[in-house]
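Pulled from TrEMBL, these are the features on record:
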COMPBIAS  1-12  compositional bias 'Polar residues'
REGION    1-27  region 'Disordered'
DOMAIN    47-195  domain 'Casparian strip membrane protein'
TRANSMEM  54-74  transmembrane segment
TRANSMEM  94-123  transmembrane segment
TRANSMEM  135-159  transmembrane segment
TRANSMEM  185-205  transmembrane segment
Amino acid sequence: MEGDSTTINITETPKERKGKAPLLAAPPASSSIKPVVLKAPKGGYKRGLAIIDVVLRIAGIAAALGAAIAMASTEQTLPFFTQFFQFKAEFDDLPVFTFFVIANAITAAYLALSIPISIVCIVRPLLVAPRTILLFLDTVMVALTTSAAGGAASIVYLAHNGNSDANWPAICQQFNDFCQETSGAVVASFLTVVVLMVLVVLSAFSL
């Protein structure tokens, strides 16, 4: 009959569905992507500072010990004397020089005993406690050594130049060797002060 239509339903089989793949694949879930972050080794620069710290402590030991020995061995006897007097100069004639020897010997002993703590900072550069201890003790040693070197320097200056206002004559024209040895000891002590100040700065940067 005219006007009648027939509808035919065609069902796709699973095999036919497999052949129809999407042109663009769906992006993977963002949660499945894990970025890889390369971490730099920790404490690299702190370990380098700790190595420099050990080297400076060894140099400080040499300077402080040299200053103490040079001052402690300083003496000079003039070749002429009278029946009652012998002209002789020794470091222990002045309490300032005695304090100088003791202070520099203490500083040298401290620097030697502090080397194991500094080595711990090389092995474990991220530890804060050893650095804090060294910072505090180095600051104390700076004060001790500076006071000893400053006091001795004032006496050496008077020995070289005297003081006309106080009627103190310069004695270095007679005791030339004595003055040279004490001057060298004072210079070595001030070098120790410089080393200790650098150690304080390194310990502060390492915290």
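Each residue, glycine too, has its Cβ placed from N, Cα and C.
Note that the coordinates shown come from a computational prediction; the quantities given were computed from them, not determined experimentally.
If you look at the transmembrane segment (185-205), the same-chain residues 6 or more away from its ends with a CB under 8 A from one of its CBs are 49, 52-53, 56-57, 59-60, 63-64, 66-68, 70-71, 74, 100, 104, 107, 131, 134-135, 138-139, 141-142, 145-146, 148-149, 152-153, 156. Panel annotation: around the transmembrane segment (94-123), residues 46-47, 50-51, 53-54, 57-58, 60-61, 64-65, 67-68, 71-72, 74, 130-131, 133-134, 137-138, 141, 144-145, 147-149, 151-152, 154-155, 182, 185-186, 189, 192, 196, 206 of the same chain, lying at least six beyond its termini, place a Cβ under 8 Å from a Cβ of the stretch. Applying DSSP to the domain 'Casparian strip membrane protein' (47-195) sorts its residues as follows: 111 helix, 14 strand, 24 coil.
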